[in-house]
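Below: the structure, in structure tokens.
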Amino acid sequence: MANKIDSEYRFSPPRKTKQNAVLSPNNQPDCAQAFMEHAATAPLPDAFLHFLESNGIDPSIYTSIDSTPRYIRLKPGFEDCIQEIQSETKCKPEKLDWLLGFYTLPPHIQIASTKVYQQGKIYGIDASSGAAVMALGIEPGDHVLDLCAAPGAKLCMILDLLGDSGSVTGVDAARHRLAACRTMLQKYKLGDRCRLFVADGTTFSVIPEGFRSDSESCESGLEERMDVFKEWTSRRPWKERKRAKKCSTPQVVSKSHPPELIYYGRHSGVIGLTKKELYKTVTENEIASYGYDKVLVDAECTHDGSVKHIQKFEHWGWVTLQRRVLDAERTDSLHTLQLNLLTNGFRLLKVGGSLIYSTCSLTVAQNEDVVEQFLKENITAELTEIDAARNWPCKGGRIQKTWRFDPLASQTSGLFVAKFRKVVI
């Protein structure tokens with residue numbers, strides 16, 4: 001029976017025709033597309049099929065890969081570049097009626113080599129991810145925390161929504177991935193109100209800019225402020241470069257590793273502060289009043305809701321899939337990590353603020369189970385409606401007021417979304 005299932009569920013590649021053949025600028029077949037088509041012919045391994053069955057996930061999700069369009073988001077101010085996109089891709093972008101600023105292209109279209117992408121006029125971001133950001137209900141002046149910020153598409157969307165007000169704090173435990181975030185900020189000229197910390201999201205504890213106690217302000221006025229942050233530059237002092245060369249810096253930091261500020265903009269609230277002021281210990285009462293207005297926790301997960309991600313394991317090797325997705329110990333540790341990220345993100349939220357918890361997993365263990373346990377342990381947390389979801393192509397989760405994007409029904413990447421509000425008890 002297992003062999004029968006194994007041969008039945010295969011990725012279905014798009015039919016090779018002259019119309020959908022993808023060529024690189026030098027008129028040669030696109031390597032990425034060739035790889036995806038090769039991966040599409042690979043059978044799903046038995047262990048993964050059993051994983052899907054035990055989690056109630058329909059394997060046919062992974063046999064319809066050519067039905068999910070490629071999504072792009074226009075950078076505000078470049079709404080007139082549709083003709084440019086059409087000219088470069090030879091396809092007319094279709095406006096997405098349920099998500100402002102989003103358009104679809106055929107799934108085989110590659111945007112990385114286009115001028116409109118390279119010039120920072122469009123973003124590549126799945127519509128379900130955009131919906132999670134919209135669910136935050138960002139308002140002018142909000143201070144927003146993106147606790148799992150890399151690689152940066154949602155971070156940029158938050159900054160675009162804020163415009164010339166508020167601030168965004170991006171956190172990620174992976175230094176190289178957060179460096180990619182920094183590159184995105186610079187590419188899209190969005191770094192003015194943003195700061196980036198390499199830190200463990202389960203222990204991060206830096207509140208938004210602008211809060212200092214009266215006593216601390218007096219002390220700072222009396223002291224000679226020698227160690228204040230000046231305008232950020234990518235050039236590090238010689239002594240710092242020498243010290244970094246001697247010490248091997250881990251790519252992924254641990255809980256014990258102090259937050260490391262790798263970028264801050266002119267209006268991010270960092271310039272003029274001392275390190276002591278930036279990293280000051282705050283009380284729960286101070287957080288309740290001066291914490292973040294909005295928090296996004298797009299938690300680390302098994303990524304089984306992303307068909308394109310699962311497809312990559314044909315290249316990486318199914319043994320890697322076993323270790324990253326199917327291993328029971330890995331799944332248990334992920335549940336703990338997700339719960340801890342959600343708990344800490346909520347702790348940093350001010351009273352009345354909103355938090356979005358999302359994953360691109362379709363499993364109950366990483367979604368509803370995490371939500372259920374979190375609500376039991378946090379009496380100030382209230383699960384709230386996402387009004388905009390009524391117009392989304394998604395369905396309700398197993399817990400009321402939670403939502404799921406299904407790759408087949410939604411024509412997006414799979415995503416789970418839940419919204420919480422911090423209330424006074």
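Note: Cβ is positioned from N, Cα and C throughout, glycine not excepted.
Whatever TrEMBL says is automated annotation, not expert-curated.
Annotated active site, nucleophile per TrEMBL: Cys360, in sequence order.
Counted within 10 Å of its Cβ, the other Cβ atoms near Asp200 (S-adenosyl-L-methionine binding site) come to 22, all protein chains included. Annotation source TrEMBL lists S-adenosyl-L-methionine binding site at Asp172, Asp200, Asp298.
What TrEMBL lists as domain 'SAM-dependent MTase RsmB/NOP-type' is 57-423. In the predicted model, residues of the domain 'SAM-dependent MTase RsmB/NOP-type' (57-423) average a pLDDT of 89.
Per TrEMBL, the feature region 'Disordered' maps to 1-26.
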Cys360 (active site, nucleophile) to Asp200 (S-adenosyl-L-methionine binding site) - Cα separation in whole Å:
20
Max CA to CA distance in Å over the S-adenosyl-L-methionine-binding set Asp172, Asp200, Asp298?
14
Beyond Asp172, Asp200, Asp298, what residues of that chain have CB atoms within 8 A of the centre of the S-adenosyl-L-methionine site's CB atoms?
Leu147, Cys148, Ala149, Ala150, Val171, Ala173, Ala174, Ala199, Gly201, Glu300, Leu341
Who sits close to Asp172 (S-adenosyl-L-methionine binding site): which same-chain residues at least 6 apart have their Cβ under 8 Å from its Cβ?
Cys148, Ala149, Ala150, Leu178, Cys181, Leu196, Val198, Ala199, Gly201
